[in-house]
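Enquirer: I'd like to ask some things about the structure below.
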Amino acid sequence: MSKSALDPVEFLKGALEIPSPSGKERAVAEYLAEGMQKLGLKGFVDEADNARGQVGEGPVQVVLLGHIDTVPGQIPVRLEGGRLFGRGAVDAKGPFVAMIFAAAGLSEEARRRLTVHLVGATEEEAPSSKGARFVAPRLKPHYAVIGEPSGWEGITLGYKGRLLVKARREKDHFHSAHHEPNAAEELISYFVAIKAWAEAMNVGQRPFDQVQYTLRDFRVHPAELRQVAEMFFDLRLPPRLPPEEAIRHLTAYAPPTIELEFFGREVPYQGPKDTPLTRAFRQAIRKAGGRPVFKLKTGTSDMNVLAPHWPVPMVAYGPGDSTLDHTPYEHVEVAEFLKGIEVLRGALEALAQTHAGEKEG
């Protein structure tokens with residue numbers, strides 16, 4: 001099939017029509033890999049069920065990594081009023097498909113200077129981040145772009161870190177008339193103390209530099225002889241508070257009778273504003289008629305997973321409005337999606353020009 005036979009909007013629509021909740025991405029990975037082959041790229045599915053692609057034979061290694069899993073909850077896929085609706089339209093099949101078409105449209109000159117590796121990663125929406133962790137030791141990029149919705153004029157420099165916490169209190173049962181806090185009350189007191197600590201940390205700080213806390217679950221288990229209470233909460237961490245430092249604070253505030261368990265540790269990341277990669281994106285956005293805007297996100301992404309492994313210029317970029325992530329009306333504007341392809345391709349071309357004096361492969 002010729003390259004022109006694949007329309008980017010129709011191809012994205014096809015990807016949205018294949019459900020791919022975390023852990024069940026194989027079908028959409030095969031669809032995407034086949035599409036990459038039709039576009040003239042090397043396309044395959046790896047052992048982690050990532051959709052993989054490669055183009056170019058240059059010395060400069062560039063990774064374009066987006067995720068192809070979604071949160072649960074299907075949305076009827078439809079093209080309506082210049083908008084493409086579907087689960088993953090912005091988070092994040094849309095950004096990854098934009099990466100595919102940008103790479104497929106590279107000039108021969110850029111292909112001689114760059115080798116572009118495409119990764120449609122699995123299980124980003126799960127604590128495992130399976131796909132990103134699989135490629136982390138296997139690829140050695142000079143530059144990395146994470147496919148997440150930033151808006152076509154936006155360049156995301158960083159994401160907050162995360163820590164998931166489970167707290168448990170078990171104690172002997174006693175009569176409610178007894179003047180002693182029960183297991184549930186002890187956990188509530190602990191969470192109130194953590195809230196006070198976080199609020200003290202947040203004084204005078206912008207949102208990206210604040211500690212955010214969310215109580216996710218609270219349960220009291222009925223028992224005749226023992227009281228058992230459990231709660232689950234998460235913290236969103238600024239760059240000044242890595243997970244291990246947060247754990248020290250959380251442990252210090254906990255009475256010895258409360259059991260704590262920590263998991264889902266994601267290191268916060270914030271990259272510099274001025275690198276060859278950010279300059280390439282700024283140039284491409286302006287060339288497409290836009291005004292570049294740097295962004296910092298309070299959520300997490302595969303950038304948090306990969307930054308410790310790849311100490312190279314890294315940004316997140318992708319068409320779409322991130323406020324639509326996980327919502328029942330998730331959609332991407334078709335014009336925005338096409339602009340995203342144009343900007344990604346332009347950024348890669350600009351990056352190739354940056355390395356014009358280097359020996360080609």
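Glycine is treated like the rest: Cβ placed from N, Cα and C.
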Enquirer: Given that Swiss-Prot annotates His67, Glu148 as binding Zn(2+) 1, state which candidate in Asp46, Asp49, Asp91 belongs to that site as well.
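Expert: Same Zn(2+) 1 site in Swiss-Prot: Asp91.
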Enquirer: Which of His309, His326, His331 does Swiss-Prot put in the same Zn(2+) 2 site as Asp91, Glu125?
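Expert: Within the candidate list, Swiss-Prot flags His326.
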Enquirer: Would you list, in sequence order, the residues of this chain other than His67, Asp91, Glu148 that have their CB within 8 A of the centroid of the site's CB atoms, where the site is the one recorded for Zn(2+) 1?
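Expert: Same chain, not in His67, Asp91, Glu148, Cβ within 8 Å: Gly66, Val90, Ala92, Pro95, Phe96, Glu124, Gly147, Pro149, Ser301, Asp302, Gly318, Asp325.
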Enquirer: Calculate the distance in Å between the alpha carbons (Cα) of Asp69 (active site) and Asp91 (Zn(2+) 1 binding site), and round it to a whole number.
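Expert: One finds 9 Å between the Cα atoms of these residues.
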Enquirer: Using a Cβ-Cβ cut-off under 8 angstroms and a sequence gap of six or more, which residues of the chain neighbour Asp91 (Zn(2+) 1 binding site)?
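Expert: Long-range Cβ contacts: Thr70, Val71, Glu148, Pro149, Gly320, Ser322, Leu324, Asp325, His326, Glu330.
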Enquirer: Here the recorded positions are Asp69, Glu124, Glu125, Glu148; which one has the lowest number of other Cβ atoms no more than 10 Å from its Cβ?
Expert: Glu125
Enquirer: Starting from the Cβ of His67 (Zn(2+) 1 binding site), draw a 10 Å sphere and report how many other Cβ atoms land inside it.
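Expert: Excluding its own Cβ, the number within 10 Å is 30.
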Enquirer: Hey, how far is His67 (Zn(2+) 1 binding site) from Glu124 (active site, proton acceptor), Cα to Cα, in Å?
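Expert: So the Cα of Glu124 (active site, proton acceptor) lies 6 Å away from that of His67 (Zn(2+) 1 binding site).
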